[in-house]
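Enquirer: Below is the structure I would like to discuss, written out as structure tokens.
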Amino acid sequence: MQLAVLTLALCWAYPVTIYISYLLSRLGIALYRKHKDSTTGAWYEKHRKAAFTAIFWLQLVQCFDLAISITITGYAMNISPQVEAWWVDKEFLASNIAVFMFLAAGLLPDPDVPFSPSLSHSHAWIAGIIMEALQLAMFCNQQSPVSVLSRVEYLQLGLVMVRLVLFVAMVALYFQPMYAWSRIQLDETEPLLGEVDSKPVRDAQHGGWLDYVVGFSTLFPFLWPSDSRRLQLRAIFCFVLLVIQRVVNILVPHQLGIVVAHLGSGTIPYQKIAIYIALRALQGQQGVIGSIRALLWIPVSQSTYRRLTSSAFEHVLSLSLEFHLGKRIGEVMSALSKGSALNTFLDGLVFQLFPMVADLWIAALYFLIQFDAFYSLIVITVTWLYLFVTIYMAKYRGRARREMVNREREMEAAKTDALMSYETVHHNSAVPHEINRFNRLVQAFQKAEYFVFFSLNLLNATQNLLFTAGVAIVCLLCAYQISADMQQVAMFVTLLTYLAQLQAPLNFFGSFYTQVQNNLVDAERMLALFKEKPLVQDRDGAIDLNTCAGRVEFTHVNFAYDERRPALQDVSFTVEPGTSTAIVGESGSGKSTILKLLFRFYDVAAGSVRFDGVDARDMTIASLRSHLGVVPQDTILFNDTLLYNLLYARPQATMEEVYAACRAASIHDRIMSFPDGYETKVGERGLRLSGGEKQRIAIARTFLRSPQILLLDEATASLDSQTERQIQGALDNIAKGRTTITIAHRLSTITKANQIIVLHQGRIVEKGTHEELLAANGMYSQMWAKQTKAKEKKDSNATLVEVA
């Protein structure tokens with residue numbers, strides 16, 4: 001009796017141990033890989049590939065071995081029932097089938113990588129060694145007499161021994177290249193192996209679902225409503241309702257069987273029918289319990305979406321300027337819109353996938369207890385095949401879906417670029433080119449889309465065929481048992497009802513897995529955004545710059561956007577509080593780079609930038625920027641009213657302050673001439689305003705901000721001469737008592753600057769006042785002479801036109 005219990009336990013423990021070993025190993029490796037990648041070389045890759053080829057053939061032999069063992073067991077159970085041995089049992093048969101499925105699944109081709117068993121597979125093989133050794137001990141413990149029938153038993157014994165040896169060989173082959181490589185790394189003192197190409201190697205099959213889960217763990221804190229106790233209680237109660245739904249799913253077919261069993265008694269079983277109807281009312285997503293759960297979950301789902309999308313938006317705004325300059329706005333916008341994909345994924349995972357898996361395991365256990373192991377085996381086999389085919393085909397569909405999403409992004413990005421560059425497109429008569437370009441991208445998208453839909457229909461047909469085959473086998477088996485008086489008709493009804501219930505979650509899994517893949521592919525870009533780290537951020541212990549006198553110091557500053565091409569080299573200068581400094585030079589000399597460093601869009605590579613003697617890197621970015629006001633060369637306005645754009649600098653400003661700032665910028669009268677005045681819509685990026693109007697709005701906005709340090713990036717470059725003179729006077733007024741740093745193209749606007757810095761190829765070549773630099777007869781003097789000559793020629797031409 002004790003031996004029989006051990007035998008039964010071994011049969012169930014064998015496949016469970018292998019699968020759990022594999023899954024736990026995958027999870028551990030995924031968590032480890034999140035923090036570290038291993039590095040190997042070309043020698044290791046060559047020998048690893050050879051070892052994997054040998055493992056493939058060994059695993060194939062393993063599958064043949066198990067197939068023979070399954071055949072012998074089935075033969076002994078059905079053709080020669082007089083065979084009495086512990087392995088002639090349904091549990092042993094089920095165990096071998098489960099192990100066969102695991103090994104056979106590993107042999108199927110992967111769409112992304114060639115056959116490459118992972119470290120997790122080796123852990124499962126080690127578990128197989130232990131379990132096969134226990135089976136061998138079971139065989140050796142039998143005391144069957146030698147007879148004709150015992151030859152079959154000894155054949156089974158030989159098959160177990162072969163499997164044990166094969167498992168050991170597979171493990172040895174897997175670890176041998178690793179061991180040899182580690183010895184080479186320890187003993188190597190010179191490059192005897194030739195050139196070694198180091199690269200990160202992942203020993204798990206690429207893109208596994210556990211890797212996805214671990215990768216998305218960055219977003220897990222946004223999924224649980226940790227900021228609301230009320231929402232947490234709602235979520236917990238929803239989980240309780242899920243458990244109740246699982247119980248109801250068992251009771252419905254069981255109660256139907258009871259009703260059918262009592263129908264032949266000559267009386268109507270009203271009570272049992274009422275119980276069945278009540279259970280049916282509670283069952284399913286549209287039942288009473290499911291509806292209550294869905295209503296309770298709505299605020300939890302909304303809270304998750306709000307936290308996720310708001311955090312993503314905040315994170316993108318916190319990223320450094322380099323990220324925004326290097327990304328296409330259409331792609332970033334598309335990624336930010338994928339918060340709903342993760343929200344949908346969470347809802348499906350918690351309330352659809354987990355309940356479905358629970359229902360399938362409960363069904364297998366129910367069939368085992370209520371019927372026998374054959375029914376449980378059939379359910380497990382059909383379920384496994386259904387899920388495996390779904391996941392396996394979804395690997396190909398995932399790649400196709402990713403290709404389709406990439407084509408869609410390119411299509412959307414091209415459309416966004418063309419619309420945002422409307423004037424440029426028409427200036428260059430490029431409308432036909434943009435239309436043809438967009439049409440080509442649409443065709444590429446539809447080609448990828450066709451394969452996605454084709455593979456979906458193929459998957460659905462395969463799933464239906466598998467489930468129909470399983471139902472047919474169960475019906476035939478149950479019908480045979482009923483005809484042999486081994487089961488009652490009521491059990492047939494219960495069986496078919498339960499199978500019908502299982503079809504819904506299985507069919508759902510097909511669509512859900514596809515939906516999950518779509519959601520994860522869609523959300524990959526959002527995850528990538530969260531993984532982006534700002535190059536410039538507050539260091540630990542950074543201080544707040546509460547007050548600022550306005551002293552600015554550049555000390556031996558070096559900086560480069562690309563290390564191969566320095567933008568600034570050994571730049572040093574000081575701007576005293578309340579003084580003005582102008583920076584001039586040819587295009588690409590580094591003028592705008594200095595403003596970017598002042599605003600801390602970038603940090604210096606060497607040297608320091610100091611404000612009132614404090615290194616900019618030692619103060620918080622927000623407090624530093626609160627003392628800076630910028631009038632950029634290219635003003636970008638929000639697609640809102642003029643008033644909104646003006647108040648953006650200081651939302652609490654009064655209308656009188658807004659009017660004063662606009663008068664100082666010579667734009668108030670122009671605004672009042674508009675039909676809607678300050679409520680005039682400026683259009684996308686301010687396209688409804690002229691360049692000069694946008695520039696004056698930017699100047700007025702800076703006046704309203706009233707910073708201690710003014711940064712003017714060719715602030716009057718877009719203005720005509722008359723307006724420039726008006727603005728220049730206003731700029732002189734607001735600059736009194738404030739530090740002003742001006743990037744100038746027109747040298748006539750900076751003649752009164754306390755200090756002029758001349759840049760050439762990232763270096764300071766001259767420094768001084770206007771008069772000093774003219775007297776030096778250097779680069780500044782040449783630039784002045786060139787611009788003066790051009791202005792005189794322009795004025796002369798204008799005079800001739802007036803005379804004519």
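Glycine residues also receive a Cβ, built from the backbone N, Cα and C atoms like all the rest.
Checked Swiss-Prot, it gives:
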| type | residues | note |
| --- | --- | --- |
| TRANSMEM | 3-23 | transmembrane segment |
| TRANSMEM | 52-72 | transmembrane segment |
| TRANSMEM | 97-117 | transmembrane segment |
| TRANSMEM | 119-139 | transmembrane segment |
| TRANSMEM | 155-175 | transmembrane segment |
| TRANSMEM | 206-226 | transmembrane segment |
| DOMAIN | 236-518 | domain 'ABC transmembrane type-1' |
| TRANSMEM | 239-259 | transmembrane segment |
| TRANSMEM | 349-369 | transmembrane segment |
| TRANSMEM | 373-393 | transmembrane segment |
| CARBOHYD | ASN460 | N-linked glycosylation site |
| TRANSMEM | 464-484 | transmembrane segment |
| TRANSMEM | 489-509 | transmembrane segment |
| DOMAIN | 552-786 | domain 'ABC transporter' |
| BINDING | GLY585, GLU586, SER587, GLY588, SER589, GLY590, LYS591, SER592 | ATP binding site |
| CARBOHYD | ASN639 | N-linked glycosylation site |
| CARBOHYD | ASN797 | N-linked glycosylation site |
Enquirer: Across the domain 'ABC transporter' (552-786), what does the mean pLDDT come to, as a whole number?
Expert: 86
Enquirer: Applying the rule Cβ within 8 Å of the centroid of the Cβ atoms of GLY585, GLU586, SER587, GLY588, SER589, GLY590, LYS591, SER592, what extra residues of the same chain belong around the ATP site?
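Expert: Nearby residues not in the site list: THR593, LEU759.
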Enquirer: Please figure out which one of 155-175, 349-369, 464-484, 489-509 racks up the most CB pairs under 8 Å against the transmembrane segment (239-259).
Expert: 489-509
Enquirer: So, three-state DSSP: helix, strand or coil for GLY585 (ATP binding site)?
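Expert: Looking at the DSSP assignment, GLY585 (ATP binding site) belongs to a strand.
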Enquirer: Measuring Cα to Cα, how many Å separate GLY590 (ATP binding site) from ASN639 (N-linked glycosylation site)?
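Expert: For GLY590 (ATP binding site) versus ASN639 (N-linked glycosylation site), the Cα atoms are 31 Å apart.
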Enquirer: With a cut-off of 8 Å between Cβ atoms, can you find at least three pairs linking the transmembrane segment (52-72) to the transmembrane segment (489-509)? Only pairs 6 or more residues apart in sequence count.
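Expert: No; fewer than 3 Cβ pairs under 8 Å.
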Enquirer: In the structure shown, with every protein chain counted, which of the recorded positions ASN460, SER589, SER592, ASN639 has the densest set of Cβ atoms within 10 angstroms of its Cβ?
Expert: SER589
Enquirer: Checking distant contacts: for the transmembrane segment (119-139), what same-chain residues at least six beyond its ends satisfy Cβ-Cβ under 8 A?
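Expert: Long-range Cβ neighbours of the transmembrane segment (119-139): 6-7, 10, 13-14, 17-19, 21-26, 29, 86-87, 99, 102, 106, 153, 156-157, 160-161, 163-164, 167-168, 170-171, 174-175, 203-204.
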Enquirer: In whole Å, how far is SER592 (ATP binding site) from ASN460 (N-linked glycosylation site) when you measure between their Cα atoms?
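Expert: ASN460 (N-linked glycosylation site) to SER592 (ATP binding site), Cα-Cα distance: 59 Å.
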Enquirer: Given the binding-site residues GLY585, GLY588, GLY590, which one's Cβ is surrounded by the fewest other Cβ atoms within 10 Å?
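Expert: If we count Cβ atoms within 10 Å for the binding-site residues GLY585, GLY588, GLY590, the smallest count is at GLY588.
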Enquirer: Does DSSP give ASN460 (N-linked glycosylation site) helix, strand or coil?
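Expert: ASN460 (N-linked glycosylation site) sits in a helix per DSSP.
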Enquirer: Could you check the binding-site residues GLU586, SER587, LYS591 and say which one's CB has the most other CB atoms within 10 Å?
Expert: LYS591
Enquirer: Express the distance between the Cα positions of ASN639 (N-linked glycosylation site) and SER592 (ATP binding site) as a whole number of Å.
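Expert: A Cα-Cα distance of 26 Å.
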Enquirer: Return one of helix, strand or coil for ASN639 (N-linked glycosylation site), based on DSSP.
Expert: coil
Enquirer: Going by DSSP, is SER592 (ATP binding site) part of a helix, a strand, or coil?
Expert: helix
